[in-house]
Amino acid sequence: MGNTHLAGRWKRWIGLVTVWMLAVGELPAVKTAHLTGTFEVDEFFRFLHKFGFQKTEKHSQKDTEWDTFGYIYGNITSRINFTVPVTLAVLDKRSFLEYYANRNDYDRDVACQRMFEKLDKIVYSRACNPHAEADYLRRIPCEKGKLCVDEDTRENVVPGSQFTFVISDPNVPRFWYVSMVACYQNVSTCQWHHYDYRKLHPDPPSIDYDITLVNGNPNRQTLSFFNPLLFHFSFDRQNTLEMYLIFFVVYLLMVPLQIYAVRLQKHPVTRLFTVSLVLEFVSVCLLLTHTIRYAMNGVGNEKLAIMGDIFDIFSRTTFMLILLLLAKGWAVTRLQISVSSWILLMVIWIPYCAIHVLLYIWNRTEVDIISDIDEYQTWPGWLVLACRSTMMLWFLWELRTTMKYEHSSQKLDFLLHFGASSLVWFIYLPIVAIIAVNVSPLWRYKLLLGITNSADCLAYCVMMGLLWPNRAGQYLLLTGTNFGGMDELDEFNEAPHIVHRDSDTLHSSNGDLAVDDYLDNEDDEIETLVLSTDDLLHTGNSYSVSGSSGSGGGGGGSKPLTLHNGSAMNGKGGRSFD
């Protein structure tokens, strides 16, 4: 295909990316460490956030520089006076799951009683369970300008807040779940009931909340030992900022080098790889920007994060397209591939891209944040892994076909190493996804993020080395403004498409060139073959190839064969005969 056709394709892809960017704002935002919003009582139940708190060190002491406790604090108020308060619950996983499972009972009173049935035995209540130690509940809303009624010690409350939960777990890191429910406890009977606003208010009242969840003491943010890389991050997301910083530095070095290389070697393969690399660099920049802002305020910019994820998807799928094209022999044994091959490739590759994007949307909209599963433990995730495995098998088939018709030992060696390294890139994700099933959710996200980004970065480095102008001429048919030296020219002259035969095989008994006898039919599917190394460097000139003869052009009256402008003989690819 010509460069014009490639340019047209990329214009269409840019248009599709633009549409996706416009649709970014429609995707729901991921929960942040700083929660703000309004809870309508007629909702009955609202899940606010799941947050991983770090392990509390044994030497940790509250309100000191060694404080490793977790904190949940903020303000919850309402513009309407509630007859009785509803409930804010902060629960660990073991207590939360049964509480959460009973929320859907049609009878709201029964739902409230079942939700708090087991909690009543372990949760502190001044009126109903004064000897319990678990401080999991707060009665809300709180009166403006005052502490919540359950906060009896002002020193334990973060300044500027109406309530504070201090999370301590000296054994292991753990997820905690924050929610609101329109249930209240009758302090006389200690029974739980639904807050039926229809009996008390003409319209459903609302509660405004501003809640922050952090790992570390919020009173120590101005001191030198404060760690902004951990403070706002849930335990399962800690250290992601450092990861993005490392990849940003690596790509910051790679992108200018690749732009320099593509200017020396203007070929669709190198241009396509440059596009893939730039997309990945833009993705890392967007995700790094979001993560830095998140570290500063606990919110970040979710639109930047979504855009970064989408750019990452297009970068990886474009890189896969490059591998498939090289496996088909493009720029290795042929200069072009047929229109039918392009159509087949696009028919398979474009749906794969679409499925990958659908998985991303599914993961953000359909996967319950309460469940401890990742995107590759859903049916769209398994579908993507199956498609990736299918693409890997197709890649191996195309590579085998290309190697079958290649006879240069140097190119065969290149194809062998290229296939092995590409196979590792194809198969690492299914293997990691299977392993991640058995990894704790507290570590799973960082494992997947670190391995996938490291594997992709390594793959880009290897590909950039293979396509570097001074090396690519040894095994790839990439033309540029110049070559690194005569070594590359010698390698081209020894390639299998330069066929050397004795003079008597080129001429019939009457001295004429037996072209039809020489050309075989095995190369029909190779659309364009290279004439010689000089043809690559001097396209557009006339080429003369004469059979072996004695001095002065004798040898039985043999005639020189002349090919003009690299035109094909008998409708087939031109060849050079010595």
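Placed from the backbone N, Cα and C atoms, the Cβ positions cover glycine too.
Please treat TrEMBL annotations as automatic predictions, because they have not gone through curation.
Annotation comment: TrEMBL describes 549-558 as compositional bias 'Gly residues'. What TrEMBL records for 243-463 is domain 'GPR180/TMEM145 transmembrane'. If you look up TrEMBL, you'll see 542-578 marked as region 'Disordered'. As annotated by TrEMBL, transmembrane segment applies to 243-260, 272-292, 304-327, 339-362, 382-400, 412-435, 447-468.
Outside the transmembrane segment (447-468) by six or more residues, the chain places 240, 243, 247, 250-251, 254, 257-258, 261, 265, 269-270, 273, 276-277, 280, 315-316, 319, 322, 374, 376, 418, 421, 424-425, 428-429, 432-433, 436, 439, 476, 478 with a CB less than 8 A from a CB of the stretch. Contact between the transmembrane segment (304-327) and the transmembrane segment (243-260) is not supported: fewer than 3 Cβ pairs lie under 8 Å, counting only residues 6 or more apart in sequence. Long-range contacts of the transmembrane segment (272-292) within the same chain, counting only residues at least 6 positions beyond its ends with a Cβ under 8 Å from a Cβ of the stretch, are 6, 10, 240-241, 244-245, 247-248, 251-252, 254-255, 258-259, 262, 300-302, 304-305, 307-309, 311-312, 314-316, 318-319, 321-322, 325, 456, 460, 463-464, 467.
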